[in-house]
Each structure stands twice: as structure tokens, then as C-alpha cells.
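The annotation compositional bias 'Basic residues' is assigned in TrEMBL to 1400-1410. For 1411-1420, the entry in TrEMBL reads compositional bias 'Basic and acidic residues'. Feature annotation from TrEMBL assigns domain 'S1 motif' to 88-175, 191-259, 282-347, 368-439, 456-525, 545-614, 727-796, 1015-1088, 1125-1198, 1206-1274, 1300-1372. According to TrEMBL, the region 'Disordered' annotation covers 1-64, 1397-1472, 1489-1523. The repeat 'TPR' annotation in TrEMBL covers 1666-1699.
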């Protein structure tokens, strides 16, 4: 009975060992003298049930005629099965995937093998071993350097391993010794194609290992020509396929070639000696088809070989055209030497050597996909079946996957079934086909690949194993995930094995999936698994205000990091951890803790997020609570101690009682005094003279460090990162210590890193021992990282400058602090002993009694100091004989009040009479006592004692014991003050070691270099000449440096001073300084003297004169010597391409910067400014800016140092504002604007099209207003001598204009008051609407549509108001001689003018007299009409066209009554638009002040008014007028009470807003009121008031205001102002509507680039929102980007849930109909409805679209499809009705009758069900 464990190409199970399987009888030796055409060998043991088929060794008959064969042909062609594989079998493989240590190889027939890094070649294995043994392992040549995906190569089955679960793992090898095992040196012939691996790289070529003993193969480098498949430089181990060019010495020397064209034609020939033992896969052969079978072909090749081609390796297009006797080209696919079975391939991608095989199918990766509607096309009983997928592509089903395991196979049943559902298992690159399975167990698997899982998903699995770092859970056979140890439970489990056992079913939630690395992270935390809060799967999901569960992954001093899903993480600052202040978060939280966090801020692009735990618990307040006390950094404060903690004091600021913190380390500059001061302070004590150093939302931090306070008072601080510059010196304190360096904190919360190498001048082994936490230090900035906002500092004493007198000042302050502690303890304790101790001082003499000796120290007692410990150490009793009870005199060295201890000395030299000291006198001193940072020293031979500090510099470190001061150490001191009152009369001295111990040095010469004195004359030989310096080797071996400025005097501009010095010449120099250099040549970086100081030299003759003494100038002094505007000589030192700036130097310690605009004068030089200036070149510069704090030195190379009116300079375009002009960046940090009328002397359409951002242009400086320059680009300004006469001259004032003048200008805006035209940068003219066109226009919008802003027009000046500076223009063709601005194609009627208008007026007057009585009765009605007519005919210029007689009666004198605004029409569109004529889409200049509107009255109106006044009215008319006035008054009162009436002034608006503060419409009307008066800022202010006033619950009302504000900024603001409003709107509104509104604005205002960029952001951030994808698609199709819309649809389908796919495709299809290609839309609908035929809603939409866009033939065909659907009869009835309606409208009687007949047939077929 056959085994039920059958073959599967990707690996199956083997339940029986190989030896138990009955072997198929195969001929070991063929009969060479017998023809055997039909003698066939099975490829493997038959796997079908018919096991009785045996192979026949010989078969006689007529087949003998065909010739003889060396191997038997197969009886039945079948694919190669995995159980037929044997070790040593040769195969052709293709690289599928590559990792560093293993290559996954695709083998024929869907099999897969693995090539280990150990199985490449012997030479490669040896190289790896050598590299691993070496210390430097960076240059290891890994497998990705040797192989590439799709690469085809020969391999051999090295081993067949049985993996866990019984599957077979195929281990391969490409070792030439195994692949070419059957070849010998004698069998190698020219023309053979062999494979090998590079053994070594030689000068002229490569030695190639071809695996043949005794043969050396050489591949010349010149033969390596193919750049695609053979890299330029082959590496050891590289696999190469080459052709034998020449064989020498009987095969001992072989020359190879890799010419692609030669390899493509290199067919294996019988003359080359190929036989069954040495035949290799990959060989090209010419074969003849011997037999054609259903399952493949049998071929004869090499005259005596037989091989088979299975159906997978026949060309699909030619499969049916193969016939017996045809000659074909074939490639050897595999060779089994034991059975002599040869497999061949006819596929084109294998027959053409050198081509790369596609590892991914053309249709994309479909592995794991479940496909329905598949049909079996061919059944191959010994192999499997071919399956046709719905897209007509073919797939292969292995015979094992035609049925379920352990069930009998039924091929006929599979073939008879019309449709199948399958799952795609894999894609075989070697076969270029998908392998699928029909097993339901495979199809129903939830998880087949890691691609099927996504973060946040709830899954169930089985516990497989418990590890130290977590638990492995299997979700399926091939998918497993890790539950980290911290995620096994909500709490940390100490013994997880007690809760989990192997085989246990568990429910988990997916944390993250890494598909490429096949890693899955799971969690068992109940709070995460059962969480109902929204999941943060990406940063786009973490919108502001959303709350979700996360877990803590890291806890730092500044807060906690919380992670969510897919490695989305955010920071919870300390202030947001809790409502109560938390000093140390580690005491409250732990890693792995699940917390509920709320998003405060999120930046998806930068992947940064700020969270709050406090807000998630308390709810979201409208705004963060403001601190009760608004304090400023640097402000002096007085506080009261509220609470004492170990490392901090909680204080309350007086008198506001605001809470703050005072860290213990900030009580003093002396770290030893800090705990003393902390101990002496009690709750309730008041501390004065504190300073605020930083503040955040909740915590104010204070300091009492005197040095830090001094830096804040003097302004030696940087307030933010932008203030920091390289070389700046700052005062800070040690914040944190790490192994790689220390972090230094500065005021305002800035933190810099001092790397280990920059901490001290001495060798440092442990960075954490050099400084103390909180120690005050002086830091100098050395490096800036502007992108990451980080900076590096140095703390080296040699590189930072100590403030003058700092050491003595700090000493006095430290002693004063100790005295203050003593006083506070004494006053608080009140004990007699402490009061007595407080009166003692250093140097005071006491009468004591010897008590006892203890540990070489003497203990004394005193009657006055009862209870105190008085002792003298061994050093202070040396040479003195003491006995108990002896009375002695002693001098006090130190008093410790807290420990009640007094240190004394009984040495006679300290007890003598004190001698007086002189100021500036020098003495030798000896250390007598050391107390941490203070030491007591005695001045020898004077009996004087004093106190010094143990360190002379804030940054001094005592790393070595030898550096520390100890009793007995001698010092050299200088008396500064013989008696210092602050030190209780002790002398104030400065000190240094008397005999300083020599440090470890690089060499004696380096020690000497450190001892070089300033001003010393030295001689040396020039070693190196660089553009900016000269290196000189001095006589004692030291290398000195000569700066370029110190080489020669009186240098010539443009010269290179260092070129005057020749290498090898002897020079005499003078030491003028020193600088620290790094040497990589002599010492490793771990050496203590890795850095050393080299002398700075000068070769200037003026400085070599010994008689001349010169003092070193400091950097500040040199900077002070430069004056702004001064012309100086500089030397080019560096060009910075990123900033496009030049660095120049004037001195060894002074360097300045030159910006691009101050560097060049011609815009052509902007692309490569570095070509103008070479390193070391002498240039002349002018000083632009000199700043000492922060240090800044800026110069200019273009001859100017400041901008002046009338000058010409270069400018850079920073912004192009449509229809307005250019915004420019000018030299020296200035900015300016260019009006659209100042761009050229001759106006042209679209003048801004020639300019782009970052473009450089020459500008003329007109004038400066509010630090903003007005500029001009007119040639007449820039170069008046060469400029041509201006076609459009510049207009500077209204006085230059004359009535009747023809002038051109650009349209600024079109509004109801007329067309506004820019005549110059400050003059705007207006053409009333009746002067704009000869046609009658009912609204200004007709003009606005045809005259967009920026249009160039020719106008004529009608009149000029000099006082008001108003210019009236005319655009009429009779005035300008140009065509009318409106085209005739609009079909507008001409306006009445001249005699026609007079005739019409007379006719109207006559009619009024005849019907006077009727008019009197209708006065009220006419009054109302008059008001309306008045509004329409006000000086907006819109004339009424008289169409009917009734219109004549409505026309009245326009000045009969004051003008009133029209009420809004009820039919007006309900848009964010105000009824008074203001539109959010209008231009700014279309708005006119009310005063201007009232002055623009027509002359006709005035004449009519005069005539009406002259007529005498009757008594009856007067009574009627009185009644009408009363009625109008009543009506006016009613209108004022009407809330729907639009107010006319600000007071009315304010009154209405008091009643309706939440009405966005009212606020928008108020904004429009200001915009009509061109009051932009007032409109902005109203919008801001609205946002503050409208209740936060009225989200839609607030959104309306935000949209209006965005519209306003889009039309009238700048990009920056619009961006700021947009960012604010995102914080306060739902982001999605805000994004959508702004995108719509961009699209309407033709800002295509901005709209597209915004849409790209939207689809990233809101990828789960269907509306975003549809909106983006609409935009792309409206822009004509159909291809981009198609690509967007594919992205949308991947991002959105699968249930949304159908609707999304349908929507995109509708968009294609409307904006794109209707044919494409029809095709999309066809595909969707083919898959989902029962979606009648989509059918209905499809029909509607086809009726609009399709032909009658297509529409009728569509209806015929619909009425034959298998859906409910009622729905079919609906479609029949629509069909009939369509035919009634567009068809004929015959077509109508045809529809009725079809309906009748349907009713008859469905019976009563359809009739219902």
C-alpha cells in the first residue's frame, strides 16, 4: 500500500525512510548496440495507485531505425518530485531571496532549496575564516555581494535534511568541486561552458576555481565586459559562468571568457566529450523532438542522449505546435547521474543565458490569495493539473493538493467540477507559474502568511515553548509569534511557567508584524487585549485629543515613553504624568505598565508625539491651566520652604505662593556645601536671592548657584538653540553622567553633550568619575547639529576662559556659606556647645589637655568645649611628645559644627609669632588640613594660616591621587590681600604647585612643546604647505603651525601667501600662541596624550624683531578693534555648500562668515560661488557686523556693508505672490518686496511667470518702510545709461498723470464698485462698470470671470482727484482704441446711451404725468420698489436694461433718498458668503470704502434731482408723501427688529452679537463688513474674537469661522500666515474637515502644487477614510491626471478595508465618467458588476451614467444584461420600467414593443412571483 504522505514541490512529509521505498528498476548500463526509441525510464517512482507499471529495460521493434541512445527515455513524462531527489543530483537553480548567511533557491517543478554560506567554495570559506579571526570584520564579503535575485546558476544537492514535522529541506552547494566532480583535466575542451568561483584576484585577472584537480583556470580582467551580470570587480567566492577559450598543457592551464554573446551561442557539441557522467545543467543543446505526449516531450540531443521536457517547461505559446522531428533549442534543467535521467527546458528565459529571471510575477505578488471561479484546463495524472484563474493566467496544482490529506484521489471528479476555489501557495521563478492548492484546509486557514496579520488584531494560538525572554505562540503551522516577558501579563510574572504550559490555547493581540524578517510580536496583557479604545496603528491615527491604551517602554528623568502598535510611540513629559508633581518617575511607574494616554500633539511626518496621562484621567480641559505665577527666567525671587525631599526642596514663591523646586545641587557652587545648606534649612524658612533658571507648564526650577546667577545677570546665556554659536562660552551644571560623556544643562533648559574626549585635558578612563552631579562648569560650544537641535561642548580647562578673579570670589562665597550654616544651626539649636564652636576660627589658639592617643592621632579635651571632639592627626603631632593629662597649646585648623569636631595642630612652627605679609609677595606654603573642597595651608616662616580651594578652576578634576592636595604637599602662593575681612582676617592668596609633577607625555619633544614660551624665536624646516597654513618641523622635532595671515606682510589681493613658502626651506619664526591638535599618526586614541598642543608661529618680519615686545591679544580684544564699515584684508578658509556661505579668517583666532548675497555681484555666479574664491586667497572685505555676545563676525566681499536708498544689490526670491509681486531676501538679513508694476519697463502678460523661488536677481532699492525695502527690477532703474526708453514708465505720484492719458496696468480686482487696476506700486485706478464695457452686465461677476486678477489692460484716464488721489479710468474701446474687454460670443445686449437714452427718459416722464393718480395710490408699493431699484442702480455702475414698460415705472431718481443696502435674496446660495455682495473668493481691491461709494454719483441723477425739486407739489401730494414717510418709518422700525436684516455699522453688529454670540453667519457678516472697507486686520480681529467667543460645543459654528479665516488668509495673506492659521485650526477642530476645506481652496484658486501636496499628506494621515481618497481622485481627474488617479485607486484599495473596495471602485468609475475617460469608467463598472452582479444599486448608477455618456447600442445592451440578472423579481420589474422609459424617450415604436415583449416573456417565466 502506498504511503499517504505524498509529494509537494515546496516540501512535504516523509513518513518512511528512503530504503523502505521500493525502488523503480532503472537500467544501470544501456545496450549500446540496440536501438531503443521506446525504451523509457520513469522520472521517479510512480505515485499513482497503479503501482504495477514497471519499466521495461528493452523493447524491440521498428523503433530501432531512429538510432541508438545512451539513456532510456521515460515512458510517461512527469514533473520532478521531491522524493526522487538524491544527493549529488545536478540542477539548475534561480536565486529567490538572499540573506547574509543563506540564499533561498528556486528549483525546477516548484521545489525550493537553500544555499548556505559554507557551500560556496573552498577559497571563500577560507577567506571567511581569516576575516573572522581578524579583529577588523567590517569588510566581510557577504552573500548579497555575490548573488542577486533572479540569478541562474548550477548547483548540486548536497544534503536532504528532515526538518521538524517531517518536511524535507534541500541543502544545495555551488562548490565547483562538487558541481564539476565528473570532469577531469583531460576532458576539458575549448568551447565548453563551465561554472566556477573566483579563487583569488590578481593584477591582470582572476584565478577561477572550476573544481578540476590539476587544472588552473584564469579569467583575464579585460574579458569581463558585461556590466549587467558581471560586476566590474569580481570578489573572491563570486560565481561565474564562463566559456573555455583555450586549453594548454593537457588541461592544466585553462583560459576563460565571459563574453555574453559568445555564451549565448555556446551550444554543447558531441565533439566536446560530453557523456552522462559529466553532463551539466544549464548547457544549451540542439535537440530533436522524438515524441510528443500529452504531458510533455521526449527529445534526442547530442546524437546519443534522450531527455524529457515536462509541460511546465514547454513554451506556452508553442505548446500545441510541437511536432515530431522538429529541431528545437533546449537547456539542460537537471541531471540525475544515478538514473541517467535528463530534464530539459524549452523556456526562452533559460535558453538565453545572461538574462535575469523575474522573481516576482508580472501581475504582482499573489501568494496567500484565495481565488474563486477557477477552471481546471488540463489534468496530468502523474503530476497534477493546470488551472485557469479568472484573469486568464495559468496556475499549477500539484497532485497532492488536488485532494485533502489521507483521502483517495479522484481526478475525474476534479476535472468535471466547473469551477474551483484555490489558494495561491507560492510562485516558482524557475517555472514562471503560481502553485496553488484546492485543499479546503489550506483555503480556510486564517493565516497563511505574515502578510495576513496586522497590528491590533485579536488572534488565538497555541503555546509552543517558554523562553527566558518570552513565550512562543504558534498561530498556524508556519506562523509563530513572540510574547515578550513583559507582555505575559498585566504585571511582571516571576514564574511564568506556573501560568503557561506547552499546548495551552491563548488569546493574544498583535503588537507589530515585520513581514520581511517574519517576526511577529504579541501581547497577553488583559488591558490591551480587551481594550475598546481606538488603536494607534500609525502616527496618523494618533490625532490630537484621542485616547488609547499603551505600555511604558522607557522611564527617564524628563518623562516616560509609551509605545502603542507598529512601534508608534510618544513621550509623556513629567508635567503630564500626574496632576501632582512627580520628581522621580521611576518611583511611580515601571516598564511594561499599561497606561491610558491622551494625545496632546502629534507630527506624523517627523513621527513625534506628545502624550498626557493626566489629561486622560481628568478629561480634556479646554486649555492647560496657566501657572498662578508667571515668572521669567533670570528673575530674582524670594521663597519659603514648603517641603524637604532627599534631593530637592519644594518651595513657594513669595508673595504669590506659586510652587517651584530648588534642587539640592543648586544651593551652592561648592558641592560639599550643598548638603550642609540643605541640612540647615527647615520647612517654613525663607530663602532670598534665588533666580529662576527654567520653567515649563508645571514646574519652575530655581537656583542659588552664584556663578549661574552671575551669567544670567550679565546676559552670558543662550535663550534658545538659535542663539547658540560655535565658540560661545556658557555657564552650566552637570545634568547626567554616562560612559560616553556628560550632559551639561544651561539656563532656559538647553542641554549639551561633552564627549569623553572633551571633558578634561588628562587621560580619562571612566567618564562618570571626573565630575559630580550638579557641579558648576564653564562650557564652550564646539559643534552644532541644527537639524536635530543638538550641540557639543568642551569642558577642557585649556579651552575655556575662567572669569578674572573667579577662584578668589568663589572661595570667599564658599566660606561665607559655611559661616551661614554655622549661624543657622546655632540659632536653631541654641546649645552652648554649638555657640562656643561658632566663635572659633582658623588660626585661633587654644589651651587644651591631652586625653589619649588613638590610631596615631591625639585626642584633647577642653573645659570650654565640653562634648566636642578635639583631635590632631598624625601629621600634626609628629616630633611632639605628648602624655595624657599634659597641658598643651594648639592652633585651630578646622571646625566642623555639625559633627562637633575641632581639628588642631600642636606643631611649633605653626604656634610661633605671626609675621606680617606684603601684597604680591610670594611664599612657599604647605598643606596642613584638607576638607573636601577647602584646604588649610601654612605660609612657611610666617606662622600664618589661611584657607584655599583645592581646585583653581570650576572645571578642574582630580582624577589621579597625585592630583589631590594632601597634608604635607608644598605649594607656591602669591599674597593678594594680606588680611581679608571676608575670611575673618586670614590672608587671601592664589596658589600653584611648587614643583608640579610632570605629566605623561607623547615624547620629550611634546613636553617641550607645552613649555614653549610666548615670544620665543625658533628655527625649523617647512614640512607641509597648505592653502591656509604652513606646518614647520622645529629643531627639537616639534611641529608648529603658521597661519596664512602670519606668512607675509603687505600681501597682494588675489594672491596666495602660503605659495611663497617652499617645502624644505629653513625658516625663522616666533611663537605667538598655541593650539590643540589631534594626532592620528603617532598614538592610538586610547593613549592619554592622544591630544597635544602645538605652537602657533609667525613669519612676519615685524614680529621677528627681538627688540619689539608684543603682548598676546585676546579674541575679544581683536574683535573690538574692528569697526562696522571698515575695509580689512581676509583670507579664504572654507566654503560651506549646505549654507552657501564662505568662511574667511583675519587672524589665527578670528574667523568670519560671508553670506551668498554678500559674496557675489553677478547672479550667474550663484550656482558655483566657490569657484570665485580659492582656499588661502587674499580678499578685501568690509565689516558688516561685530558682536561679542554671542560672538559673531560678518563681513562682505561685494564692496558694500549696508543697504542704502538708491543702491543696487542682489536679492533672492523667497515667495512669488500671484497678482501682487515678489518677496525678496536681501543681503545682511534684510527683506523687501517688488510690486508687479516694478518688474519691467514694458509690461507683459503673466509677468511673474519668469520668476521662481530661490532665483537671484539684481534689485534697485527704492525706499525702506518698517524694516521692509521697496524694490524695483526695472532696467531703467538698474542701468539707466544702457536701458531703452520705458514703454510703461514708472508712475511715482498722481501728479504725473493727466486726464486723457493712455496708460497700461494690471487688474488688481473686480468688484461691485468697478474694476481696480494697479498703475504703480502705490497708485490704483478704478474703472466704473459703465466705463468697463459697452455691454449691459447684470452683475460685476460677469466681468470678474473674464478679467482675472493680473490681466494686463490698456486704459484711459478720465479724471483725477488730486486731493483724494483717486484716478477714474475707462476701458471702453472708443477711449482706448482696443477691443472691448468682453467678447461678443457672450451674446450680451448693448447699454442704452446718447439719444436712445434721452428718448427713453422722455417716454418715461410722459407716462408718469398721465397716471399720476394711480402712482399716488401705489406710493408705498413704489417706495419699496424704489429702494430696490436704487440699490441696483447705485454707483456700482450696473445699469438697468429696460425690457418692459413695467420696468420704467420702477425707475426713480437715484438721489431722491439716501442709498440703502439691498436685503439678501432668499434664493441666494447657502454658502459661506455674505449677502452684501462680499464674496470669500473676491479680490481685496474689489472692496471700496463707503465714502468712495457715496461720492461716485452720475451726472444724470443730479439733473433729474434738480428738475424734481423745481416742480411745485399740490396739497394732496404733500399729504400722500407724509403718509408714505410715516409708513416708511414704521417699516424701518420693523426692519431694525428683524434679526435677519444685515446691519450697516459696527454698533449694529455688536448689538446683534450680544444676542447671538454663537452665530457663525453673523460673525462672517461682520468680517465682510470690514473687508468691504478694506480693513483686513479688523476682519482678522473679528475672526479671532469669534473663535474665542463661540462656545466650544458649537463645533460646526467654529469650523465655519476657521474656514472663513483660511479663505481670508488664502486671498489676502501670505503663505506663512495661512500655514499658521491652518496649524491652529488643526489643533481646535477635527483635522479631516480642515484639511478638506484647505484643499478645496487651493484647487479653486488654481494652486495646484499646494493642493496636491496637501492631498498627499491627507491620504497618509487619513488612509482609512474613504472620502479622502475620493476627494483626491476627483482633484487628479479634474487636473487631467488619469494615470495618477488609477495609481491612487490601487493605493486606496490596499489602505481601506476590503468591504469598502466595491464602493470605492464604483465611485472612481463615476469620477472617470464625469472628469476623465468614459470608456475607462465603463470598463471599471463592468469588472465590478461581473464580480458582484447582485448589486442593483450599482447597476442603476451605471445605467444613469451610460444614458448620459454612452451610445444607444451600448445602453440597450446594458439594459439587456440587467433584465437577465438572477435577482428578485421586484428589482427586475424596476429595471424593465426604466428600460421602457428610455425607449419611450429615445426609441422607436418597434423598440418599445420589443421591451414589452421581453417583459411579457419574463412574467411568463417567473409566473405569479414575477407578476406580484
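Glycine residues also receive a Cβ, built from the backbone N, Cα and C atoms like all the rest.
Against the domain 'S1 motif' (88-175), stretch 191-259 shows more Cβ pairs under 8 Å than any other of 191-259, 456-525, 1125-1198, 1206-1274, 1300-1372.
It is 1206-1274 that, among the stretches 191-259, 282-347, 545-614, 727-796, 1206-1274, forms the most Cβ pairs under 8 Å with the domain 'S1 motif' (1125-1198). Taking residue pairs at least 6 apart in sequence, the domain 'S1 motif' (727-796) and the domain 'S1 motif' (282-347) share fewer than three C-beta contacts under 8 angstroms. Look at the domain 'S1 motif' (191-259): DSSP puts its residues at 6 helix, 34 strand, 29 coil. Looking only at the domain 'S1 motif' (545-614), the predicted model's pLDDT averages out at 90. DSSP labels the residues of the domain 'S1 motif' (727-796) in these numbers: 6 helix, 35 strand, 29 coil.
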